[in-house]
Amino acid sequence: MLSNLLPLGTRDEFGRRAATKQQLIAVIQAHFKQRGLAPIATPLLENQAVFDPYQMGNYQLYRLLDTEGQTLVLRPDMTLPIARFLSATKVPLPQKFGYVGDIFRVSRRLSGSYNQITQAGVELVGYASLKAELECLAIANQLSAELIDDAVEIELGSAPFAQQVVASLTTDSEQQTAIKTALFNKQIPQYTALIAAYQDQPIYPFLQQWPRLFGQPKQIFQRLAQAPLPETVTKWIDELKTVVTWMQTTMPDQAVSIDLSSQAPQKYYTGLTFRGFSQAGAGYLFSGGRYDQLLANFQTKSEPAVGMGLDVDLLTELALNTTVTTPKQVIYFNPDQWTQAEQVLATQPQATLSLAADRAGAIIEAQQLGAALIDLTEGTSDAN
Amino acid sequence: MPTKRLKIALTKGRVEKQVLPLLEQAGIDCDLVRHKQRRLIFDSETQPYEFILAKGPDVTTFLERGAADIGIVGSDILVEHQSTQYELLDLGIGECQFVLASTQDFDPKAPRRKIIGTKYPLITKRYFDRLGQDVEIIKIEGSVELAPLTGLADAIVDITETGTTIRENHLQIYDYLQPVSTRLVVNRLALKQQANAIYDLVDRLADVVNANAKKEVMPS
């Protein structure tokens with residue numbers, strides 16, 4: 001086997017893509033710093049047990065054995081390691097964290113997916129108030145505008161909503177799970193067959209329409225008002241109404257929608273959820289929500305928390321599609337012109353110093369980069 | 001904002017032949033696809049749809065990667081390839097059945113680890129898992145019926161429409177697994193990005209499927 005082959009699902013990043021991604025990360029980190037989020041970095045390797053609450057979907061974990069035979073994994077998620085960190089260190093709460101790092105998920109072989117994904121995110125831990133969700137939404141709104149040109153739609157959901165509705169239909173937990181699975185995956189033939197058992201109940205017309213319960217908030221709230229839903233969902237609908245009203249007041253240009261027919265981004269979410277997408281993107285740009293029970297996986301006491309992750313690779317793809325690159329310049333100079341070269345470098349948005357030993361070398365360098373040559377040696381004796 | 005054209009990945013071959021009349025009944029001009037010659041992609045400025053012809057497993061890949069908004073593909077392939085996209089409509093065509101088949105001397109209850117040939121290792125594994133049996137699965141790409149006849153496998157798991165091919169190869173059916181039919185599948189994000197256009201197509205096709213089903217029940 002050749003020694004210079006990459007493992008499946010990985011890639012090198014260089015040139016324009018790497019520069020764009022680093023630029024986005026710099027903007028995200030500056031935004032986090034400006035909002036007073038504490039930076040946090042956890043190891044790439046964790047004990048497998050850390051991710052017991054994680055829903056892998058169609059992905060698998062990269063697993064390794066340590067010297068004592070314990071199973072370690074390359075982290076597939078950033079939130080659970082932070083929960084593990086908080087539990088282990090007893091850092092006083094509340095805390096606001098911001099992070100950027102890589103996660104690893106083994107996708108289906110030869111599917112064109114990458115297994116190493118860069119994610120940025122926010123974790124607001126120890127906050128029970130809705131203000132934590134609102135700060136995440138404010139960050140999502142502001143970062144979307146800073147990072148990409150496309151309009152981003154924020155879609156709100158409620159993790160407990162579906163469970164509360166199916167629990168009002170039947171106490172059979174297998175039946176509840178079957179209905180939710182068919183609903184969330186919009187497997188309409190199976191879903192239709194499953195809800196047929198409730199066609200004599202007043203809620204049946206709602207069940208029939210439930211897979212399409214997403215769209216503009218006004219329409220969704222109207223449809224909810226007409227449905228004979230259990231009392232238990234009222235608080236979640238009221239919460240959605242509060243957040244929509246706040247968004248329409250605080251960020252009137254932000255497109256917002258509601259989806260009560262989809263699964264929460266992770267099974268550990270316990271309250272409001274949110275995701276963002278643009279018309280051009282092939283996936284969700286960010287997703288998050290409230291997860292008040294997550295720390296209970298590591299300690300007896302649970303802590304309220306809200307988190308959000310941004311897909312930096314997808315943001316990079318979108319930025320690459322829209323970013324217009326300015327012409328590059330290569331600055332060629334004699335060693336005694338270093339100060340002058342630095343001054344020119346500081347005034348050019350995308351220039352680099354030529355380190356070629358002579359002018360001929362600088363010309364080749366500029367040609368390879370597709371850049372214009374700024375020759376500071378003109379009229380002087382050339383350096384050799 | 002101008003609406004994007006919906007990209008539909010259609011499984012070429014038998015599914016394509018069966019689906020085109022449905023699409024036309026739903027008011028979609030399929031003339032370009034009908035006169036395709038050797039082309040695989042069909043786009044017209046005058047239509048809101050762009051068609052791609054692909055093999056079934058590739059339809060799921062196009063959908064998963066967001067390279068197509070809608071896929072029309074058999075449920076056998078969706079299950080085997082663990083599709084995570086939205087399955088909005090059973091088109092009621094391409095109906096067939098997964099079966100366990102073998103030669104006449106095959107004993108399904110024989111107390112030994114069986115060797116099973118199939119194009120569908122995941123579906124086969126799930127079937128035998130449900131039975132609590134550990135089997136050796138051999139992946140075969142085509143002419144699966146050969147496996148028990150040549151001694152490569154004890155039995156096969158495959159799909160059959162009428163059972164004719166199985167009978168003609170002197171095999172018999174020992175069990176029926178899940179039924180199969182052609183489904184309309186939608187990329188998860190595309191449904192959010194283009195909900196109205198997608199549901200318009202789905203509803204029109206659903207009307208056609210229901211009308212055809214009624215015709216079958218009440219022949220004139």
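Cβ coordinates are placed from backbone N, Cα and C, and glycine is handled just like the others.
All annotation found in TrEMBL is predicted automatically rather than curated by experts.
Cross-referencing A:Arg35, A:Arg63, A:Arg105, A:Arg108 with the L-histidine binding residues that TrEMBL gives (A:Asp77, A:Met78, A:Thr79, A:Gln119, A:Glu123, A:Tyr268, A:Tyr269) picks out A:Arg105. The maximum pairwise C-alpha distance among A:Asp77, A:Met78, A:Thr79, A:Arg105, A:Gln119, A:Glu123, A:Tyr268, A:Tyr269, the residues recorded as binding L-histidine, is 21 Å. Counting other CB atoms no more than 10 Å from each candidate's CB, the binding-site residues A:Asp77, A:Glu123 peak at A:Glu123. Residue density at A:Thr79 (L-histidine binding site): 25 other Cβ atoms are found within 10 A of its Cβ, drawing on all protein chains shown.
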